[in-house]
Amino acid sequence: MGAPPGYRPSAWVHLLHQLPRADFQLRPVPSGFAPQEQEYQQALLLVAALAGLGLGLSLIFIAVYLIRFCCCRPPEPPGAKSPPPGGGCVTWSCIAALLVGCAGIGIGFYGNSETSDGVSQLSSALLHANHTLSAIDHLVSETVERLGEAVRTELTTLEEVLAQRTELVAAARGARRQAEAVAQQLQELAFWRGVPLSPLQVAEDVSFVEEYRWLAYVLLLLLELLVCLFTLLGLAKQSKWLVIVMTVMSLLVLVLSWGSMGLEAATAVGLSDFCSSPDTYILNLTQEETGLSSDILSYYFLCNQAVSNPFQQRLTLSQRALANIHSQLQGLEREAVPQFPSAQKPLLSLEETLNVTEGNFHQLVALLHCRGLHKDYGAALRGLCEDALEGLLFLLLFSLLSAGALATALCSLPRAWALFPPSDDYDDTDDDDPFNPQESKRFVQWQSSI
């Protein structure tokens with residue numbers, strides 16, 4: 001099947017599409033996009049479960065490391081005041097991990113913005129397609145109504161005026177039959193009328209979900225940014241209570257990072273399967289949801305020389321009928337107006353209606369061509385398979401950096417916390433403050449000496 005103009009599967013789509021897939025019984029699953037099949041759903045869940053496995057392994061590693069640090073430390077000699085060797089290296093490794101986490105947050109903001117841009121492009125394409133379909137329906141309704149009004153009023157009046165000339169009445173009745181035939185043919189062109197699937201509703205649903213997805217990621221990014229900044233502040237101020245609180249928060253953000261990584265990985269893999277060959281799936285899904293014929297859907301989704309215009313016959317018949325009506329009205333104007341002057345007014349009104357109908361007909365021909373809707377289809381695919389997929393990969397990188405940085409920080413923070421001096425609680429007090437215990441002691445000694 002032909003790809004939409006300007007859309008070609010990217011290298012990331014090909015790479016992710018080639019990754020092996022398996023169900024819960026570890027049986028191979030084809031990489032074709034089939035979200036309705038249970039085996040394919042299990043394959044994507046298994047991809048997401050890999051993040052859960054990574055979370056479990058990281059928590060086990062952190063627990064083993066901390067147990068070894070707490071229980072297997074050699075006892076410090078009494079009176080030892082110097083920090084244990086390697087303490088500065090531990091602190092700096094924690095700071096470096098937090099700085100890497102901050103860099104990952106920047107990547108996460110970029111990925112979140114790219115994903116949002118891709119989904120916005122998808123929504124815009126759906127709205128434009130809905131505008132085209134609505135314009136077709138409106139033009140058909142307006143033209144059919146004008147023709148019906150002309151048949152009921154002007155042509156009926158014309159037949160009554162020309163009742164004395166049988167051949168002129170026959171010509172007027174011929175124009176009536178042609179107008180009714182045009183109206184019947186035009187009604188068949190509003191192919192989307194009565195279809196339960198609305199591109200406008202789909203665009204609104206996509207925008208609604210994307211709004212909450214974007215907000216959730218922004219909150220996650222801000223939460224991790226606050227954790228990194230306050231942890232760095234706690235290390236700089238050597239504040240034990242702040243480091244303890246940030247250790248608990250780091251553990252929470254670590255779980256959220258691994259969870260988001262699972263969702264991003266499963267979504268990226270599924271999206272790559274869809275983007276590798278989207279035409280077949282979209283065609284079948286749209287036909288199932290709308291009930292339209294495969295000829296119409298193939299014409300708009302493929303839009304190539306191999307697929308003919310399913311409306312061409314109706315358009316040709318309508319154009320011929322309009323030309324016949326025009327010639328019949330011109331003949332009536334030449335022959336009837338000199339004998340029946342009262343026939344001039346309905347004839348002029350019919351000519352005006354015919355001109356408007358021909359203008360609407362040319363607009364319908366342009367709107368019904370596959371170029372417009374196929375261009376919207378290509379724009380939707382580019383937004384989903386290029387920008388949105390690229391944003392997902394950046395979010396996946398953010399989650400990976402975040403998980404690694406927080407795991408390193410959780411291993412380093414207890415050791416850095418152990419290096420803080422015992423007078424941590426009074427570090428922030430002013431030396432000249434009379435409520436400082438040290439200053440109060442010196443004040444009492446000075447009074448006794450006096």
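Cβ coordinates are placed from backbone N, Cα and C, and glycine is handled just like the others.
Annotation source TrEMBL lists region 'Disordered' at 427-450. The transmembrane segment annotation in TrEMBL covers 43-67, 88-110, 214-235, 242-261, 392-413.
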Distal contacts, the transmembrane segment (88-110) - CB-CB under 8 A, six or more residues away: 217, 220-221, 224-225, 228-229, 231-232, 235, 391, 394-395, 397-402, 404-406, 408-409, 412-413, 415-416, 419
Highest-contact recorded stretch vs the transmembrane segment (392-413), from 43-67, 214-235, 242-261, CB pairs under 8 Å: 242-261
For the transmembrane segment (242-261), sequence-distant contacts whose Cβ falls under 8 Å of one of its Cβ atoms, 6 or more beyond its ends: 51-52, 54-55, 58, 217, 220, 223-224, 227, 230-231, 233-235, 395-396, 399-400, 402-403, 406-407, 409-410, 413-414, 416-417, 420
Tertiary contacts of the transmembrane segment (43-67), as residues 6+ beyond its ends and Cβ separation under 8 Å: 21-24, 29, 254-255, 258-259, 261-263, 265-266, 269-270, 403, 407, 410-411, 414
